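What follows is a single structure, written as structure tokens, with notes after it.
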Amino acid sequence: MSLQIVILAGGQGKRMHSNTPKVLHQIAGKPMLSHVTGIAKQLNPDAIHVIIGHGGEQIKKELSNLPVNWVVQHEQLGTGHALMQAMPFIPDSSQVLVLSADVPLIRLNTLEKLIQIRTEEQQRPSLALLLAVLDNPTGLGRIIRDMTGNILSIIEEKDANSAQKAIQEIYSGICCAQAHDLKRWLPQLKNENAQKEYYLTDIIHIAVNENQAIASIYAEEPIEIQGVNNRLQLQELERAWQKREAERLMLNGVTIADASRLDVRGELVCGKDVFIDINVIFSGKVRIGNHCSIGPNCQLKNVTLGSHCEIQANSVLEDCIIDEACQIGPFARIRKGTELKAHCKIGNFVETKNARFNTGTKASHLSYLGDVVLGKEVNVGAGTITCNYDGVNKHETIIEDNVFIGSDTQLVAPVTVGRNATIGAGSTIRKNVPPDELTLTVSQQKTIHGWKRPKAKK
């Protein structure tokens with residue numbers, strides 16, 4: 001059966017106190033709407049329709065890469081009215097799954113169960129609802145049942161009396177129904193309520209009056225269906241998402257020093273026996289091999305890390321590939337385009353950019369190495385700088401195998417240092433260095449006898 005998914009994303013989000021549309025606020029480094037569309041895509045629907053209203057153009061601009069049909073709700077007249085806007089795009093024979101863009105932690109298996117219960121139950125219910133029982137159901141629609149337990153209706157909190165507000169069973173805002181039924185029910189909605197809106201929840205009462213069967217399931221954990229209306233709730237869901245991710249990692253062989261101080265803002269895949277210390281941030285796509293250690297306060301973004309690597313404290317790695325058994329840090333910055341072969345070392349206060357290190361090469365202290373190719377077993381002394389920029393263009397430095405570069409050396413690109421060469425400390429290299437030779441720039445040391453420091457004026 002054809003599946004069409006409709007995501008309601010038109011809410012203004014007044015309580016966020018923000019110029020950014022609510023659904024663009026991020027959980028784990030990704031807009032809430034992107035989380036929901038990501039889950040939706042995994043259901044392999046025929047189409048995903050996103051209803052936008054407030055800030056719609058900004059949403060479309062920032063998420064233009066999403067494979068969805070954007071549907072504009074020009075007047076924000078409620079959730080029922082929002083769903084009406086998508087129905088002309090949906091064939092009658094399809095089933096429709098309705099999701100909320102501000103409920104980003106919904107699980108795939110929960111949605112699969114909801115779809116399954118509507119399509120496979122013997123009664124073939126016209127409508128399937130995702131419910132939960134909450135200790136604090138404030139702000140959510142309550143489930144009204146008859147004496148035999150059948151669902152009669154959903155009452156929104158602003159329209160509920162005190163007895164109804166005491167009900168802890170709530171509707172999540174997520175449902176599944178047949179398109180031809182929705183097209184019959186939605187035009188019957190009325191806005192005779194405290195909000196003067198067309199509530200989608202009122203279709204339950206209409207279905208009951210038609211003697212239609214209504215099925216329901218419960219979310220496995222309440223956090224799945226928690227929405228975001230303010231920044232406090234946004235932070236709660238952020239920590240819940242991070243807790244979920246930390247549990248996944250630990251169950252797959254990763255040791256995490258403190259799960260409450262881990263931030264994964266992308267896709268993290270780890271091998272066995274990986275150790276992650278406190279306050280580490282992973283962004284983009286990060287791949288870590290076996291037996292690696294990530295020290296405290298590190299940031300890794302779009303990094304591939306081979307096995308047996310050690311990233312020491314306070315290091316920042318971005319858009320780089322690190323082979324096995326490398327040591328980086330502490331306080332190292334590995335920038336875009338850096339590639340390290342096996343057994344390399346990047347020490348404290350070393351910055352690399354667009355740099356290729358061959359096996360066994362070391363830069364242990366206080367250097368800038370940009371637009372450079374280094375051969376095998378090169379030793380870069382403290383204070384070495386590749387002067388790669390002439391004010392207009394970048395130029396490359398090539399350092400061949402087994403070169404020793406003394407401390408405080410400036411390599412003015414473009415320049416090549418031949419294999420087995422040695423460069424004396426304090427040199428400024430402007431010309432190519434021949435192999436197997438010592439090259440240095442010499443300035444005479446001078447002592448001025450009898451010189452006195454000037455005295456400070458009183």
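Just so it is clear, glycine is given a Cβ too, placed from its N, Cα and C backbone atoms.
Binding of acetyl-CoA is attributed by TrEMBL to ALA382, ASN388, TYR389, ALA425, and the same site annotation extends, among SER407, SER443, to SER407.
Note on the domain 'MobA-like NTP transferase' (6-122): DSSP counts are 48 helix, 26 strand, 43 coil. Residue counts of the domain 'Mannose-1-phosphate guanyltransferase C-terminal' (266-381) by helix, strand and coil are 0 helix, 69 strand, 47 coil (DSSP-based). Neighbours of ASP102 (Mg(2+) binding site) among the recorded positions GLY78, LYS353, HIS365, ASN379, defined as a Cα within 10 Å of its Cα, are absent: none qualifies. A gap of 61 Å separates the Cα atoms of GLY78 (UDP-N-acetyl-alpha-D-glucosamine binding site) and HIS365 (active site, proton acceptor). The recorded positions LYS22, LYS353, HIS365 differ in how many other CB atoms lie within 10 Å of their CB, and the one with the most is LYS22.
Cβ neighbour count within 10 Å across all protein chains ranks GLY141 highest among the binding-site residues GLY78, GLY141. Residue annotation for UDP-N-acetyl-alpha-D-glucosamine gives LYS22, GLN73, GLY78, THR79, GLY141, GLU156, ASN229, ARG335, LYS353, TYR368, ASN379. The furthest Cα pair among them is separated by 70 Å. According to DSSP, ASN229 (UDP-N-acetyl-alpha-D-glucosamine binding site) is assigned to coil rather than to any helix or strand.
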